[in-house]
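Listed in TrEMBL for this protein:
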REGION    1-79  region 'Disordered'
COMPBIAS  60-79  compositional bias 'Basic and acidic residues'
DOMAIN    80-180  domain 'cGMP-dependent protein kinase interacting'
REGION    118-142  region 'Disordered'
COMPBIAS  131-142  compositional bias 'Basic and acidic residues'
Amino acid sequence: MSSMYPRTKELSRTRKSLSDSPPSSPSPTAKNFRHDRASRLDSGGGDSRAEPLGRTSSYTRRETRLAALNKHEDDTSSRDYKKMYEDALAENDKLKSRLDDSKQELTKIRTQLDKVTQKQDRVSERSTVLESEKREKQALEKRVTDMEEELKVLTELKSDNQRLKDENGALIRVISKLSK
């Protein structure tokens, strides 16, 4: 029992120092108290041989917990990287499909543009042909009018020629009568 009294005094001092110290910074005795209490709980009683084993098992448990936390962090970070990679692949696939769609649309637009250009070329060729045909028609019409005028002149000349022939024949007859 006498060995218990110093402990209770130590506990009461520790409790008193805990209540006196601010809550944000525990005193060194409080840290020792917690450490002693934890080591006693780990040892499973007061057996001196079990005490190092208890500390080892608490150390092992702590290391196991830390390793599990680190593994969990590694898993989440690798999952994050994996998720990021999968997201990037999905985004790339979406962009590739949009690019393919854009290329197909561009091809369609180019073919439509070629068709329109060909139609315009045909229309312009037609208009050029029409213009040349109009010019030829105008030239032919002019030539026809010129020929009609020449025909008029020719008919006038024929009539003048015939008249002159008739006058010439009359004069020849008059001269022949006068010469007799």
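Cβ coordinates are placed from backbone N, Cα and C, and glycine is handled just like the others.
Any TrEMBL annotation is an automated prediction that lacks curation.
Quick caveat, the model's predicted, so the values are computed rather than measured.
Residues of the same chain that lie 6+ residues outside the compositional bias 'Basic and acidic residues' (131-142) never bring a C-beta to less than 8 angstroms of a C-beta in it.
Helix, strand and coil content of the compositional bias 'Basic and acidic residues' (131-142), in residues and according to DSSP, is 12 helix, 0 strand, 0 coil. Summarised by DSSP class, the composition of the domain 'cGMP-dependent protein kinase interacting' (80-180) is 100 helix, 0 strand, 1 coil.
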